[in-house]
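Novice: Checked TrEMBL, it gives:
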TRANSMEM  20-43  transmembrane segment
DOMAIN    79-173  domain 'MotA/TolQ/ExbB proton channel'
TRANSMEM  95-118  transmembrane segment
TRANSMEM  138-162  transmembrane segment
Amino acid sequence: MDFLSVFHFIDNSSPITYIVLAWLSIYFIMSFTILFSRLTYLLSWKQKEKASLEMLLIGKAELVHTDSILRKCNIIDKEHLEIYKNLAEKRASVGLTWLSIIASTSPFIGLFGTVISILETFGGLGGQNSLSIIAPKISEALVATGCGILIAIPAYTFHLIIKRKGYELISLIDSEIKILSSKKV
């Protein structure tokens with residue numbers, strides 16, 4: 001399929017197909033926005049927690065002198081530190097729900113556009129039932145499904161990447177909690 005075919009498809013599309021493609025375009029932009037903003041945020045935060053963990057491990061600094069999220073905890077006991085860890089988990093997982101929604105609904109949105117296009121094709125054919133007339137219209141209709149799948153795959157991949165980075169961050173925070181808890185014993 002060349003670019004002229006895509007332009008021909010868009011030129012001959014119905015309003016429903018335009019809505020489907022616009023919706024999928026918004027999903028595409030959202031996926032990449034979430035990926036870049038969350039990765040930047042999580043990687044920066046992870047570096048701070050890693051440096052804090054290293055400082056705690058070598059005994060160079062107390063918690064209040066680190067960049068850890070745990071430094072905000074006024075009472076250093078396991079229960080309070082776990083509360084801050086839970087808050088960190090919540091903050092680290094921001095955006096994952098949207099990526100899940102995008103990854104799971106994009107193929108269905110694309111399929112909806114395909115079904116509508118196929119229905120319009122059959123409705124417009126009337127008595128013409130030649131394969132040479134039907135086949136190009138059906139192939140044009142499948143573009144919406146392809147777009148839906150094309151949006152879903154990166155969204156799912158981004159979800160897994162961000163989830164993993166969040167897990168790595170929480171593991172660092174958990175290690176800090178273990179060090180701080182062992183110092184209090």
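Glycine is treated like the rest: Cβ placed from N, Cα and C.
TrEMBL does not curate its annotations; it predicts them automatically.
Help me understand the surroundings of these features in the structure.
Specialist: Mean per-residue pLDDT, taken over the domain 'MotA/TolQ/ExbB proton channel' (79-173), amounts to 89.
Within the chain, the transmembrane segment (95-118) has long-range Cβ neighbours (under 8 A, six or more residues past its boundaries) at 13-14, 16-17, 20-21, 23-24, 27, 30-31, 34, 37-38, 137-138, 140-149, 151-153, 155-156, 158-159, 162-163, 166.
Long-range contacts of the transmembrane segment (138-162) within the same chain, counting only residues at least 6 positions beyond its ends with a Cβ under 8 Å from a Cβ of the stretch, are 5-6, 8-9, 12, 17, 20-21, 24, 27-28, 31-32, 34-35, 38-39, 42, 95-96, 99-100, 102-104, 106-114, 117-118, 121.
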Novice: Please report, as numbers and ranges, the same-chain residues at least 6 past the borders of the transmembrane segment (20-43) whose CB is under 8 Å from any CB of it.
Specialist: 10, 13, 92, 94-95, 98-99, 102, 105-106, 109-110, 112-113, 116, 144, 147-148, 151, 154-155, 158, 161-162, 165-166, 169
